[in-house]
Amino acid sequence: MAGAGISTSAGIPDFRSPGSGLYANLQKYNLPYPEAIFEIGFFKQNPEPFFALARELYPGQFKPTICHYFMRLMKEKGLLLRCYTQNIDTLERVAGLSSEDLVEAHGTFHTSHCIGTFCKAEYPLSWMKEKIFSDLIPKCDKCNSLVKPDIVFFGESLPSRFFSALKSDFKKVDLLIVMGTSLQVQPFASLVGKVPSKTPRLLINKEKTGEGDSFFGLLGLGGGMDFDSEKAYRDVAWLGNCDDGCLALADFLGWKAELEEMVKKEHAAIDAATQESSPKKTEENSSPKKKQDDKSAE
């Protein structure tokens, strides 16, 4: 189970960290309150703030972290049953996980759909990227309604795959690793309570989270983690930077050198691909129209 904390070392802010988190730095968008930028009702009335933010955080501008490649290494060793992620940055895919490996619980930028009642036309990542970086509000080519990336806004249902997959996955889990998440958003947070009662659970995070609440247990939302009570028997918290936690775990497993080599090789390949396309970007950026557009945007 992964949250925004596994992507912060890539340069993508998490949501709730005081001062540096996304919600603490949205003043320039003149929102009634920070969460409004991800509320479906607000988006339909005022989509500009979301798309302005999307330009800053758009997939393709960041490289996967050690955490992402640790999951890739688990996959290659036949140990990854599934990655349930709250993240919408697609870095799990960039690191080498497939659609089958993933449950993108809060959706993804990978595809987009028209929100028109009778249309629902689908658009690829490349189409959405072109619109966003042209400073255009994405409108459907067929019906002119708004087109929204397939990320789950407040007020929307989670993808059906989330509910169907968890029914079969969680009863099979023999180790649950939870990384970089505050475990404050339901129903994702409740997943920690879905594994068998003898399954060990490891939290890699800056602080302890997801700790037990008997009330949620009674609601069938899982009893939460228990690190410190006299009854604690299976939960372990490794506190610190998520990348450091994954390196420490890889070291225990004898995989550290392999993981570091994978990160080095994959990052070099991404850098090479970026450099290969940079002459074209330089040429585009030097055009009078582009300069004028940039000046207008400023």
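Note that Cβ sites are derived from N, Cα and C of the backbone, with glycine treated the same way.
Annotations in TrEMBL come from automatic prediction, not curation.
Copied from TrEMBL, the annotated features are:
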DOMAIN    1-256  domain 'Deacetylase sirtuin-type'
BINDING   4-8, 14-16, 86-89, 181-182, 205-207, Cys242  NAD(+) binding site
ACT_SITE  His106  active site, proton acceptor
BINDING   Cys114, Cys119, Cys140, Cys143  Zn(2+) binding site
REGION    268-298  region 'Disordered'
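Structure with TrEMBL features highlighted.
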{"residue": "Asn87", "record": "NAD(+) binding site", "Cβ contacts under 8 Å, 6 or more apart": "Ala2, Gly3, Ala4, Ile6, Ser7, Glu104, His106"}
{"residue": "Cys114", "record": "Zn(2+) binding site", "Cβ contacts under 8 Å, 6 or more apart": "Lys120, Ala121, Glu122, Tyr123, Cys140, Lys142, Cys143, Ser145, Leu146, Val147"}
{"residue": "Cys119", "record": "Zn(2+) binding site", "Cβ contacts under 8 Å, 6 or more apart": "Cys140, Lys142, Cys143, Ser145"}
{"residue": "Thr181", "record": "NAD(+) binding site", "Cβ contacts under 8 Å, 6 or more apart": "Met1, Ala2, Gly3, Ala4, Gly5, Gln86, Phe188, Ala189, Asn205, Thr209"}
{"residue": "Lys206", "record": "NAD(+) binding site", "Cβ contacts under 8 Å, 6 or more apart": "Gly5, Leu239, Gly240, Asn241, Cys242"}
8 Å Cβ shell about Cys114, Cys119, Cys140, Cys143 centroid, Zn(2+) site members excluded: Ile115, Gly116, Lys120, Ala121, Asp141, Lys142, Asn144, Ser145, Val147
I need the most crowded of these binding-site residues: Ala4, Cys140, Cys143. Count other C-beta atoms within 10 angstroms of each C-beta and give me the top one. Ala4
Measure the Cβ-based neighbour count of Ser7 (NAD(+) binding site), defined as the other Cβ atoms within 10 Å of its Cβ. 26
